[in-house]
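The domain 'Kazal-like' feature in TrEMBL is assigned to 386-441. The transmembrane segment annotation in TrEMBL covers 41-62, 69-90, 138-163, 175-203, 223-247, 276-295, 315-336, 348-368, 464-491.
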Amino acid sequence: QFFVFCHGLLQLSQLLVSGYLKSSISTIERRYGLSSQTSGLLASFNEVGNTLLIVFVSYFGSRVHRPRFIGCGAILVSLAGFLMSLPHFITGPYEYDQSVASMFSNTTDLCQPGVPGSRGNLSDAGCTPRAARENHEVLLVMFIAQALLGIGGVPIQPFGISYIDDFASERNSPLYLGILFSVTVIGPGVAFMLGSAMLRFYVDIDKVAGDDVQLTNKDPRWVGAWWLGFLVAASLVAVSAVPYFFFPREMPKEHLSLFFLSDFPLVLLRNLRHPVFLLVVLAQVNLSAMVAGLATFMGKFLERQFSLTASLANMIIGAVNIPGAMVGIVVGGAILKRFQMSLRQCSAMCVLGMFLCLLLAFPLLFLGCPTQKVAGVTYSESSEFEHHALECNLHCNCPEKAYNPICGSNDIEYISPCSAGCRVVNINADNNSVLNYTNCSCISENGLAGFAKPGTCGTGCSHLFLPFVVLSCLAGILASVSHTPSFMLILRSIQPEDKSFAVGIQFMLLRVLAWMPGPVLYGSAIDTTCILWEKKCDRKAACRYYDNNLFRQR
């Protein structure tokens, strides 16, 4: 029982490391200027190390000191977690464009007609070869960490489960495995809640004094302390690893003779030719690819569609969507047990669940709003406006790449105070934050120069947020009802002696066909809907504005 407790704790903290990355992905994109394709590849990269080794490790399972192997794997996972946070410590503080001269820079993005020539690019300061090298190092470190995370995770599940199954009494074994399974489902939920808590802190909480931070967490330039969660999760894994070095080896009775390798191709073909097995696994692949993509980018979607903070988006996913999926899995299992279903009834239940899920998910296509009006990006009143837009801030000599969104009193968003022609910034003396911008030549109201508030105008979609969350949660519950019956279809339709092997093939196919490509495909699709890219040293970095309708539909 102590082993089961330790293993539950270890699996939970291992999932915290891998799940936490998904909760902070939109923040890491913003901090290091990554496209969603790159961040999607990063998020699925741990599957690479995992897939390469899982077959070997499962095969050697009965010949090694399993607890000690689990302990070593856990130490690798913990190392990977600490490595993930390393980029924060090897790069300088996060820099963003400001209207107020500060410790970072004495440049400002206000309209300053007197200043001759273009005032250079605020963001180009970071274009030295050193900065470019720094960015490569960051990516390299994170990809190595993800690969290590995958490799370290290899022995944890198979060895733990077989160890428990060997030494638990036949009666208790299902109970223990059920406990572990529920932990693996709770894990991602806890990870998103951890993300929600950490992203409320400013990223450079350890490098700058609180008074120098002029952003609130509602600002589109806000970057939360993404690295803190990795330190927390990695420390938890390190603590959970300790007991494993003290569990006995106690070899089980079963002997795995070497006929296994010579029979390998035969068994493989026999299972792959099995129509039920193949169809069910392909169905699971389609569903899992969607789950993998959603888990990675759902937070980002909520942030953009409904103008939420990253912290709130994670809170919703961790407290509503993931528990919903858990409820679905439990309900599916309960129905199976209660009605003792045949295989045909199992498949009917899967089909019904999927069909109802589709019905509920269909309205989600329409629950959202277009991107807010952004002057010169998504919006121009007329040809006259185009002309006016050029005229009204021409004398300002704006830095090209300034990004400090403000919302005009005319409900149009401007990329920076300078592009709205604002000459004056009013500061709140108490906490050093910006109150508003005035004297803005591009925002005219009744012939007078208008004013603007800092931050984005938002999509005005908040009234659709609740229906979206309710529908997506219900759709998730219905989809996950088919989880247990689909497993039953596989386990009951193949020959008993092939059971563990078939499950191995199934997970292998899920990894290669769903978990790996899923986030990358989703990320690429999201990238195609971007309408304004941040430029870093003449290369595309993170996306500033998406076409929200396209983002939602694709």
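A Cβ is built for glycine as well, from the same backbone N, Cα and C atoms used for every other residue.
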Quiz item: Sequence-remote contacts (6 or more beyond its ends) of the transmembrane segment (175-203), Cβ cut-off under 8 Å?
Solution: 4, 7-8, 11-12, 14-16, 18-20, 22-24, 27, 31, 88, 94, 160-161, 164-165, 168, 210, 213, 215, 217, 222-229, 232-233, 295, 299, 309-312, 314-315, 317-319, 322-323, 325-326, 329
Quiz item: Which sequence positions outside the transmembrane segment (69-90), separated from its termini by at least 6 residues, show Cβ-Cβ distances below 8 Å to it?
Solution: 7, 10, 14, 17, 21, 32, 46, 134, 137-138, 141-142, 144-146, 148-149, 151-156, 159-160, 203, 226-228, 230-231, 233-235, 237-238, 240-242, 244-245
Exercise. Quick one: find which recorded stretch in 138-163, 223-247, 276-295, 464-491 has the most Cβ pairs under 8 Å with the transmembrane segment (315-336).
Key: 464-491
